[in-house]
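According to TrEMBL, the protein carries these features:
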TRANSMEM  12-34  transmembrane segment
DOMAIN    12-433  domain 'Major facilitator superfamily (MFS) profile'
TRANSMEM  54-71  transmembrane segment
TRANSMEM  78-95  transmembrane segment
TRANSMEM  101-125  transmembrane segment
TRANSMEM  137-156  transmembrane segment
TRANSMEM  168-186  transmembrane segment
TRANSMEM  229-256  transmembrane segment
TRANSMEM  276-298  transmembrane segment
TRANSMEM  310-328  transmembrane segment
TRANSMEM  334-355  transmembrane segment
TRANSMEM  367-391  transmembrane segment
TRANSMEM  411-428  transmembrane segment
Amino acid sequence: MARLKFPRRYVIVFLTFICTNVCYIERVGFSIAYTVSADAIEVNQANKGMILSMFYYGYVLSQIPGGWAAQRMGGRRVLLLSFLLWSLICGLIPLDPNRVVILVLSRLFVGVAQGFIFPAIHTVLAQWVPPQERSRSVSLTTSGMYLGAAGGMLFFPSLVKHMGPQSVFFVEAVLGVAWSLIWLKFSSEPPRTDLPKVAMPKVASREKIKAQAGGVVAPRTVKIPWRRIIFSLPVWAIVVNNFTFHYALYVIMNWLPTYFELALKLSLQDMGSSKMLPYFNMFIFSNIGGVVADHLITRRILSVTKTRKLLNTIGFVVSAVALMALPSFGTPSGTVICSSISLGFLALGRAGFAVNHMDVAPKFAGIVMGVSNTAGTLAGIVGVGLTGNILEAAKASNMDLTSSETWKTVFFVPGYLCIFSSVIFLIFSTGEKIFE
């Protein structure tokens, strides 16, 4: 029986999906484990926000260097090294809220290590994936983040309850090392033969083959057009939307457990499977967005530009409405529904701005992703830390943190940002290649 041929680029996309899955298991896991440990010794909300946001300080430092390293060293190698580094840190560092310096440094270095991952992934995908498969490939890869968050929310509260917060670090380290070994064994540099065949003369230059195969990343000696990237309005449209997406995501990811416990009097352990629904919804909607986008583009129903703008606008506007409605319900079921709608449509919007890196700069996708994700990481620093300070200021003003009304500012800020960002993307974005 003839051996079934399976395109290797599918294996690469699947492995990057697992990669983002494990990364977000780590992030959600730390948030859950640290919150339980900190609450046990009554750490105040501002200090909790500081520790939770420290990851993003490290993360922001390595976004642009991550794109540069992937361009020079290759995304495959950068992914492997960064994964091994953060996994070892998780396996060696004790989770003790009293040891603030150790926690700060460990989260800082985990952030630095993980900051290389997404620019490297975009470099890898730009090498392997042809244009007609980009939306669904990127959407599948990034949907791993949400499935990882959903799995972490479902599994880790029970693990913490029965085996203690430190057990979360051990599980995360094992998952990280396991993925690294699988990536080392099954990943490779992209051979031209794996890409969809394109009619061309038998004798063709390497650059011509690359261009016809989908505009994969530039040779490592090509000069990076930093000035044009930094002053490009379409790039800034991506940057603004990346900032807003991550502001909303990180605020919900890091502070929704506290909202449930303070305002709704409900611990994560008591919520059952409903606590994973917002992130599972992101997984579903992210892949729906990718499939719809590729369908609209390949069937020529809409241009690439109009497709990106349509999905981005629908995603961000619906998400804004759900965010601002969330504190009005004041019930666990209403909160789960609103957060699920908000995060689901945010994920749908990724078929707009998040794939746009490869539209405008296929040869420099990792670099543009590094610039864009720097803004997304700053959103984590600003959003997570600012939320802690908002709550501490409310407490100092004798406002009741157990009232959902007190939390309105927390959810209205990302709601307004979503509306603003969707307008920016509508005006300035493009689906055309602007960097050769």
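Note that Cβ sites are derived from N, Cα and C of the backbone, with glycine treated the same way.
Caution: TrEMBL annotation is automatic and unverified by curators.
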Is it true that the transmembrane segment (78-95) and the transmembrane segment (12-34) have 3 or more CB pairs under 8 Å, sequence gap of 6 or more? yes
What stretch of 12-34, 168-186, 276-298, 310-328 shows the most Cβ pairs under 8 Å to the transmembrane segment (101-125)? 12-34
Would you say the transmembrane segment (137-156) and the transmembrane segment (276-298) are touching, if the rule is that at least three C-beta pairs must lie under 8 angstroms and be 6 or more residues apart? yes
